[in-house]
Each structure stands twice: as structure tokens, then as C-alpha cells.
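What Swiss-Prot records for this protein:
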COMPBIAS  1-11  compositional bias 'Pro residues'
TOPO_DOM  1-237  topological domain 'Extracellular'
REGION    1-231  region 'Disordered'
CARBOHYD  N16  N-linked glycosylation site
COMPBIAS  21-163  compositional bias 'Pro residues'
COMPBIAS  177-191  compositional bias 'Low complexity'
COMPBIAS  192-201  compositional bias 'Pro residues'
COMPBIAS  214-229  compositional bias 'Polar residues'
CARBOHYD  N220  N-linked glycosylation site
TRANSMEM  238-258  transmembrane segment
MOD_RES   Y412  phosphotyrosine
ACT_SITE  D463  active site, proton acceptor
MOD_RES   S467  phosphoserine
MOD_RES   S498  phosphoserine
MOD_RES   T499  phosphothreonine
MOD_RES   T504  phosphothreonine
MOD_RES   Y512  phosphotyrosine
Amino acid sequence: MSLVPPLPILSPPSSNSSTTAPPPLQTQPTTPSAPPPVTPPPSPPQSPPPVVSSSPPPPVVSSPPPSSSPPPSPPVITSPPPTVASSPPPPVVIASPPPSTPATTPPAPPQTVSPPPPPDASPSPPAPTTTNPPPKPSPSPPGETPSPPGETPSPPKPSPSTPTPTTTTSPPPPPATSASPPSSNPTDPSTLAPPPTPLPVVPREKPIAKPTGPASNNGNNTLPSSSPGKSEVGTGGIVAIGVIVGLVFLSLFVMGVWFTRKRKRKDPGTFVGYTMPPSAYSSPQGSDVVLFNSRSSAPPKMRSHSGSDYMYASSDSGMVSNQRSWFSYDELSQVTSGFSEKNLLGEGGFGCVYKGVLSDGREVAVKQLKIGGSQGEREFKAEVEIISRVHHRHLVTLVGYCISEQHRLLVYDYVPNNTLHYHLHAPGRPVMTWETRVRVAAGAARGIAYLHEDCHPRIIHRDIKSSNILLDNSFEALVADFGLAKIAQELDLNTHVSTRVMGTFGYMAPEYATSGKLSEKADVYSYGVILLELITGRKPVDTSQPLGDESLVEWARPLLGQAIENEEFDELVDPRLGKNFIPGEMFRMVEAAAACVRHSAAKRPKMSQVVRALDTLEEATDITNGMRPGQSQVFDSRQQSAQIRMFQRMAFGSQDYSSDFFDRSQSHSSWGSRDQSRFVP
């Protein structure tokens with residue numbers, strides 16, 4: 001029966017504690033349930049009832065006296081302040097329940113453990129309430145359980161670690177999680193009798209209690225601390241990525257614009273070429289330019305001013321379509337039977353030429369260049385690439401090339417009818433007819449004009465001579481070896497300093513031979529020498545001639561002037577021709593030759609002017625540029641034809657262009673008085 005009094009004694013303290021605790025209890029629920037205002041009424045029974053139910057079993061005999069003393073005892077009041085300073089009261093409550101009820105209190109500890117997140121969340125709305133209430137709730141637990149003071153030393157051990165992380169670092173995340181604990185806490189006190197109700201809530205609160213523990217608080221410390229950093233790094237990274245992506249897109253756009261412009265420049269649909277009116281000795285229309293383009297099967301035809309259709313070669317056309325561009329040395333050696341003497345076609349300044357037959361049965365001419373060596377391979381390829389793009393009816397087509405250790409070889413189409421030099425000067429050859437000579441002169445002029453004005457880049461031949469004018473079976477001229485002088489010079493410059501002038505004696509222009517100045521006019525001079533060969537039938541340098549007449553140009557200069565003035569060609573024309581020529585065509589050819597071999601390069605005509613002069617013999621085209629052969633003064637207009645006077649008046653601004661003038665000019669024209677007949681091949 002002595003046990004009965006303690007129970008009533010315990011109940012008064014509990015009531016006293018309840019009476020004394022209401023202020024703290026009202027403050028205590030504020031700490032966990034500050035966010036929801038509805039929780040204060042159910043919360044007061046939250047902490048005392050479980051304490052009353054759990055504490056009686058252990059301290060039934062010993063706790064009554066201390067239980068009555070603690071409520072008024074000031075020591076209890078004094079003890080909380082250190083707890084407030086060191087750690088919040090929840091840790092004290094954490095330590096006391098576990099020993100009291102191992103079975104029923106585990107739900108309560110998570111409930112008591114869960115309030116720490118609300119204080120973590122509560123500091124943001126009411127910061128002062130979180131600091132003041134904890135000392136007041138602390139008296140009630142120690143008053144009810146004096147026996148746990150032995151265990152209280154253990155909480156301070158975790159408490160030093162807990163206060164710093166909980167109050168300082170956890171505020172941001174708990175607000176989202178603190179909503180669930182308050183909602184669960186009021187439900188638990190509302191159902192005090194049934195203990196099973198907190199049990200289903202425990203798993204929900206355990207994940208919440210994990211972040212609030214000492215170790216979990218450290219985890220929380222890392223999470224919030226890292227999340228702002230991640231957000232900051234994320235924003236900076238996003239900005240950097242955006243800048244990089246913008247630069248990439250900008251570079252792609254610039255590259256696209258550049259490629260489109262480059263493609264427009266190299267568009268195979270735009271064809272450029274040399275426009276030539278139909279000639280009396282030209283081949284059928286459209287055959288002036290042959291295009292070998294692997295990209296387009298049939299290049300478009302463009303109509304010239306005279307109404308004739310001409311095919312134009314593209315500047316970026318590659319090698320001959322559907323054919324190889326590179327050959328091995330062994331293959332070319334096999335094709336030419338080991339470069340045997342029986343296959344030797346000739347030998348020139350750049351090397352020997354051998355005849356060969358490819359595996360597909362195509363006949364080719366293999367030129368083995370004297371220039372070689374391992375150096376200069378890049379320059380050789382560059383020049384070969386330029387040459388391979390040149391395709392014209394009057395130019396020999398380059399089929400391919402070979403670069404070996406010490407060898408450089410070029411493969412051309414084989415032209416079966418030998419060279420102009422062979423047909424003009426070889427002993428025992430039949431005399432070339434005048435019509436054949438005119439055809440050869442016109443074709444060679446077209447090919448050289450194409451090199452000078454329509455190739456990109458323009459090509460200066462540097463070694464135009466009769467042995468480089470090849471003839472096919474119909475005696476159409478094809479210019480060979482163009483670009484080789486440039487290749488030789490580039491390759492020589494890589495091995496040693498070369499100052500030698502490319503060319504053949506007797507064909508070289510005087511300014512090029514003396515000073516090395518190179519221009520298109522040097523090729524014009526060489527072509528003039530070829531015209532003199534066609535007219536006279538003599539070699540450029542003939543040692544069998546009397547002293548002083550070895551040079552063809554120097555011997556022909558005075559005769560050219562006399563032939564133009566007197567229209568007498570007997571002393572100048574090839575004796576083997578006799579009178580088998582057309583005077584009008586002979587006059588025009590003599591005039592063109594005299595203009596091409598002038599001493600002054602500036603006074604020489606362009607090859608396009610020579611082409612027009614040879615193609616339009618019935619028209620009055622002035623290619624003399626107002627100069628007599630061998631003179632350096634301007635023609636006197638009173639001594640010239642009416643056409644020249646008309647051009648001078650147009651040039652110097654005369655406005656007298658009446659019909660009478662044209663009538664007089666046509667009636668007194670020196671060209672009209674001359675009996676001209678158009679030659680039809």
C-alpha cells in the first residue's frame with residue numbers, strides 16, 4: 001500500500017508540471033509547430049502524457065521525493081541555461097526515452113527527434129522563439145526523470161556536434177520536410193491511447209530524422225552548401241556553354257558562307273574560254289574547244305557575237321574523265337618497252353619523248369624530263385595540276401604524270417602526224433600547201449591565245465617553236481610543252497640558283513634573252529618567228545646561209561617592210577610554193593609576222609589580235625598599232641588607208657562620221673582595191 005501514495009504523488013507533480021508547464025508547453029509546441037498555427041492545442045498533451053506513461057515504471061519508488069522537489073527547485077532552472085548554451089533540449093529528450101521504454105518509446109524518439117527539423121525550419125520565421133523556449137521545456141524532462149541525469153552526460157557528447165550544424169546550416173531544406181512532421185505530430189498526440197498509430201508514422205519520420213542526426217546534419221551541411229555552389233557553377237557553366245555554342249554556330253556560318261562563295265567561284269556551270277568568230281579554215285562549229293570534265297558530261301554552249309556556238313572549258317576541270325592521272329614508273333617503263341630507242345619520238349630541251357600504249361589501247365607520248373630529284377615534288381605537282389586543267393582543241397592534253405625517286409615523267413596524248421618542224425624542214429618531205437600553212441598558223445594562234453588570256457592562272461609558254469607545234473592527221477595544230485618551263489624553273493630553284501633563260505635560240509625575244517624579262521609578248525615574238533618559217537620555209541637559224549643572213553628575223557625585217565608597202569612577196573615567199581598562195585592571205589600573214597617580231601615588246605600585238613587578223617582576212621583589222629615594220633614612229637594618217645583614218649578620228653574625238661566619209665573610205669580602201677578571195681578548205 002505504500003506504492004499507492006507515490007502514484008497520486010506522481011500525478012500531482014504531473015499536474016503541477018502541467019500547471020507549471022503550460023507556459024513552456026505553449027512555447028514548446030511553437031518550436032516544432034511554428035509553421036502550422038493549428039497544432040498548439042493538441043501539442044500540450046504531446047510531451048507530458050508520454051512522459052507520465054513512460055516514466056512511472058522505472059522510478060515508482062525512488063522518484064516521488066525528487067519529483068516534488070524538482071518543480072520548484074532552482075537548480076533545475078539553472079541547469080537548462082547550460083543546455084541552452086551547449087545544445088538544444090531535444091537532445092536531452094533523445095537520451096532519456098530510450099532507456100525507459102525500449103518497446104513503446106522508439107516511436108516517441110523519432111517523434112522527439114523529428115522536432116529538431118522544425119526548430120531548424122522555425123528559425124527562419126521566428127528566430128527569437130527558437131532560442132527562448134528551449135530552456136523552459138528542459139525543466140520538465142529533468143524533473144520527471146532524475147534518474148537519466150546519469151545518461152545526460154552522454155547527450156552533451158553528441159550535443160556539441162549537433163548544435164552547430166542544426167541551427168546554422170539546415171534552415172533551407174527543412175521547410176519542405178518540416179511540413180510533414182508537424183502534421184504527423186498532432187496526429188500522434190490526438191491518439192494517445194493507441195500506440196500503433198505512431199508506428200506507421202515512424203518510417204515516414206525516419207528519413208526525416210536521418211538528416212537531423214549528427215552524421216546526417218553533416219550530410220545536410222554538405223547538401224545545402226553544395227547546392228548553392230552547384231547553382232552558381234551551373235549558371236556560370238550555362239553562360240559559358242551558351243557562349244561556346246554561339247561561337248561554334250558563328251564559325252559554322254562563316255565557313256558556310258566561305259564554302260558557298262568558293263563553290264560559286266569554282267562552279268562548273270560557269271565556263272570561260274576564248275571567243276573566236278568562225279574562220280574560213282576552222283573546223284566545224286563547236287570544235288574549237290574540247291572539254292574533258294568529269295563533273296559534267298556536256299558543258300553548255302555559249303553563243304559568240306558572230307552567232308556561232310563555242311564550248312568553253314571550266315577553270316576547275318580536272319584530268320580527262322574516267323582516266324587515271326597518276327602512273328608508276330614501272331608501269332610507264334613497261335608501256336614504253338623500257339624506254340627503248342625504237343620508241344623514241346624525239347629529244348628536246350626538257351627531255352626525251354617516247355611512244356607508248358596503255359593497257360586500254362590508248363596511244364600516249366611519255367616525256368621523261370631531265371629535271372628530277374627528290375626536291376621540288378610539291379612544285380611539280382602544283383604545276384602539273386595547273387596544266388591538267390587546260391583543255392583546248394589546239395593544246396595537247398595532259399593525261400597524267402609520274403613522280404619517282406629520281407624521275408619526273410609526263411604522259412600526253414599521242415599526236416600521230418609529227419611536228420611542224422618536221423614537215424617544213426625535214427629532207428625529202430613534200431611541200432606543205434598554202435592552205436595547210438594557214439590552218440596551222442591559225443590553230444597555233446588560238447592555242448597560244450587561250451594560254452595567255454583564258455587560262456586561270458594565265459600560262460606563258462616560254463618555248464614556242466616549230467618543234468612544239470604538233471600536227472594531227474588533218475594538220476590541225478596542237479601546242480605542246482606549255483608549262484614545262486615553269487616546272488623546270490621551280491624545280492631548279494629548289495636545288496640551286498638558276499639564272500638560265502628558258503627557250504630556244506632563234507625564237508627568244510630580245511628583251512627576254514638579254515634581261516630575262518618575261519611577259520606574254522615574249523611568246524608573241526616566238527610565234528612571229530613561226531609565221532616567218534611558214535612564209536619563207538627557212539629555219540630560224542640557218543648556218544648554210546651567207547654571213548649575216550643566218551638569223552631568219554634579221555634577214556626578213558627589210559623584206560617585210562617592202563612586202564607591206566609594195567605588196568610584192570616574191571623575195572619573201574618560200575620558193576617551193578611559187579605562186580601557189582592567195583595574195584590577200586599572204587599580205588595578212590606577212591603583216592602579222594612583221595608586227596609580232598618587233599624589237600619593242602610594247603608595240604607587239606596581243607595573240608587575240610593576231611587570231612582575229614588571221615580569221616577575218618576579208619575585214620580591215622589593224623594589228624600594226626600604227627607602226628611600220630622596223631620603225632618606231634607613228635604612221636602618217638595621210639599615207640594610210642581610209643579605215644585607219646576613220647579609227648584615228650574616232651580615237652581623237654572627230655565627229656565627222658557622215659555617210660559620204662564611209663562611202664569614200666569604202667571606194668578608196670586599199671583593202672577594197674585588193675582582189676581577195678576567201679579560201680574554203
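Residue numbers in this text run from 1 along the chain shown.
The backbone N, Cα and C atoms fix where each Cβ goes, glycine too.
Worth saying up front: this structure is predicted, and the values here are computed from it rather than measured.
Features per Swiss-Prot, on structure.
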residue: Y412; record: phosphotyrosine; DSSP class: strand
residue: D463; record: active site, proton acceptor; DSSP class: coil
residue: T504; record: phosphothreonine; DSSP class: coil
residue: Y512; record: phosphotyrosine; DSSP class: helix
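Cβ neighbour count for Y412 (phosphotyrosine): 20 (other Cβ atoms within 10 Å of its Cβ, all protein chains included). When the recorded positions Y412, D463, Y512 are screened for a Cα within 10 A of the Cα of T504 (phosphothreonine), the ones that qualify are D463. Taking the Cβ of T504 (phosphothreonine) as centre and 10 Å as the limit, one finds 19 other Cβ atoms among all the protein chains shown. The CA atom of S467 (phosphoserine) is located 20 Å away from the CA atom of Y512 (phosphotyrosine).
Rounded to a whole number, the C-alpha distance linking Y512 (phosphotyrosine) with D463 (active site, proton acceptor) is 11 angstrom. D463 (active site, proton acceptor) has a Cβ environment of 23 other Cβ atoms inside 10 Å. Between the alpha carbons (Cα) of Y412 (phosphotyrosine) and the residue listed as 'active site, proton acceptor' lies a span of roughly 17 Å.
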